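Chemist: For reference, the structure I am asking about is given below.
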């Protein structure tokens, strides 16, 4: 309703003042405008006043123009209002739009309704269009920026107690050699492995350094040159080797006669010989206890060493090389103390009969015509994993090293560990029995202070004398991971050697990623088909799950290196079709990742441990105490532990950790703020103005519906009247 404030005080137009019939009428009209109640109670001629108001035009009247329906209401305060319900439908719509133009809080629209002429109105229409176009451009840019779903990474350094991670410890030798050979499949595999290694060694010996003179003619001149051929490995001629021997101590020479093809029955008939792979000669030989690991000043190209340097040797040529010397010190051979010693009875012949292996079984093992020792060992390790998968988990656990045989001493935060309670067994296909420290997810462990003394310190005994011939190194495999994660020692582990104290300094990082639509991370929990049941989701586990599903689908068997799905049997070690199918798809795994057939995202919440490594020789000669379960003299125990034991330290370098969290760079709040800012800048529109437009739309819709219903009622009445 439009109410003209100027009508509150009724002032007739001076030019029409004289047009009143008499002063009585004028006084009556003023009295009517002054006191409506008194006027109704008076004897004023109401019809005369109404006639005067409708007969004369006044400048202040809004209803002076002619209309089809003209009904003005007189209010108590003297105003005159139009009742829109008495207007026609089109006039009512027009009236509402006009009123909206006058009342809206938008800056440009009222100027259209109040424009005095068409030119003025056209200018404002042009300005409104320019502003509307500019606003649309800015609004599109704001929406596009929001749809990018950009994110920012916040890095915080928190000085708080960090939870101690889970530590998984494994022996680099998965199974005990003395136990595993009783298994027929393993015996066959080791037999084929030794024969293949022997052939590879023979071919390498033939390809060792040799010089030959060649003559060739260049421009008519005969030139003699020496050409040096180098084999695959540049190793010395002599190396220590275990052999069965017959020793005659009566002659006082302490030398023994080797029986290289026989397996010794014990330490009484075992000796160490200087073995030459080129000539297969083993000489000299002495009892095992007469050889001592030490350091030599010089070693030649054949690995023959001397404790004392020869006269005239320059200081720059002096080197402290690890070597093994017989008791008199007259004969020394270069030898890494932690390296395995060759067994001649295995090198020259097999202690078991492997004639039962068929040609198909040999082909299934995949050695083929391999001559590279490293590749042969890798293939042999894979074959052992396949063969062991045919056994039950309980059988595999019994064939690997027990908890107390591996873990001798342990302390955490400077206090002794409970080895039985603090370490949990986890069977791994590659490393056999592994033991997890801090496995209980309900117990919170943390370091009191930073440094090695307040972390995990553990002494481990690997028993190198019971290693498989496929175990290339002696030591421990260590993995640092979160309690909820599977350790994956074959992928994320670190190797620590025996005879050293290995220190692993840690720093923790916590990652918090945004899920969809800002990212594609996997939220808490594992996926439904995740093969590592009971563990949190990880990218490595996802890829292994995808690969296992692919192998089962295409080969009909599962890869024994990973957990199976749905009880599918693992691929058999001597099944040629299984092995060829598995090898084929293993080489295609890179293409699978590249073509996104295996789509594995990062977890939304992840704990990462970065590690720094250092080592020192252990135990020291001053450590003259009986270590672990050694009952010998202190010096002998030290030597034994140098070859068979390792000391590990895992600790926090500082009691703080980083928190990396992702957050939305441009959220809905910022988008609405920018949107409203541009809307106010270019159109002068606020949220309240938008509400005004919404109310106008509802009013127009309501009037349209009411008009439609009213028209239907009129038609029904007309039809009913026509029927009568």
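Positions of Cβ are set from backbone N, Cα and C atoms, glycine also.
Just lifted these from Swiss-Prot, have a look:
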COMPBIAS  1-15  compositional bias 'Polar residues'
COMPBIAS  246-255  compositional bias 'Acidic residues'
COMPBIAS  256-265  compositional bias 'Basic and acidic residues'
CARBOHYD  293  N-linked glycosylation site
CARBOHYD  369  N-linked glycosylation site
CARBOHYD  463  N-linked glycosylation site
CARBOHYD  605  N-linked glycosylation site
CARBOHYD  624  N-linked glycosylation site
REGION    1-22  region 'Disordered'
REGION    229-265  region 'Disordered'
TOPO_DOM  1-122  topological domain 'Cytoplasmic'
TOPO_DOM  144-684  topological domain 'Extracellular'
TOPO_DOM  706-724  topological domain 'Cytoplasmic'
TRANSMEM  123-143  transmembrane segment
TRANSMEM  685-705  transmembrane segment
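What's the neighbourhood like for each of these?
Modeler: According to DSSP, the compositional bias 'Basic and acidic residues' (256-265) comprises 0 helix, 4 strand, 6 coil.
For residue 293 (N-linked glycosylation site), the Cβ neighbour count at a 10 Å cut-off comes to 17, with all displayed protein chains included.
Every protein chain considered, the tally of other Cβ atoms within 10 Å of the Cβ of residue 369 (N-linked glycosylation site) stands at 7. According to DSSP, residue 369 (N-linked glycosylation site) sits in a coil region rather than a helix or strand.
Secondary structure from DSSP puts residue 463 (N-linked glycosylation site) in coil. Long-range Cβ proximity for residue 463 (N-linked glycosylation site), meaning a same-chain Cβ under 8 A and a gap of 6 or more residues, is found for 176, 401, 405, 644.
Residue 605 (N-linked glycosylation site) falls within a strand segment according to DSSP. Close to residue 605 (N-linked glycosylation site) in the fold, though at least 6 residues off in sequence, lie 510, 511, 512, 513, 524, each with a CB less than 8 Å from its CB.
Note on the topological domain 'Cytoplasmic' (706-724): DSSP counts are 18 helix, 0 strand, 1 coil.
Long-range contacts of the transmembrane segment (123-143) within the same chain, counting only residues at least 6 positions beyond its ends with a Cβ under 8 Å from a Cβ of the stretch, are 108-109, 111-112, 115, 671, 674-675, 678-679, 681-683.
Taking Cβ pairs closer than 8 Å, the transmembrane segment (685-705) reaches residues 89, 92-93, 96, 100, 103-106, 676, 679 in its own chain, all 6 or more past its ends.
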Chemist: Same-chain Cβ contacts of the topological domain 'Cytoplasmic' (706-724) under 8 Å, 6 or more residues past its ends?
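Modeler: Contacts of the topological domain 'Cytoplasmic' (706-724) (Cβ under 8 Å, skipping residues fewer than 6 from its ends): 89.
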Chemist: In Å, rounded, how far does the Cα of residue 369 (N-linked glycosylation site) sit from the Cα of residue 293 (N-linked glycosylation site)?
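Modeler: With distance taken Cα to Cα, residue 293 (N-linked glycosylation site) is 37 Å from residue 369 (N-linked glycosylation site).
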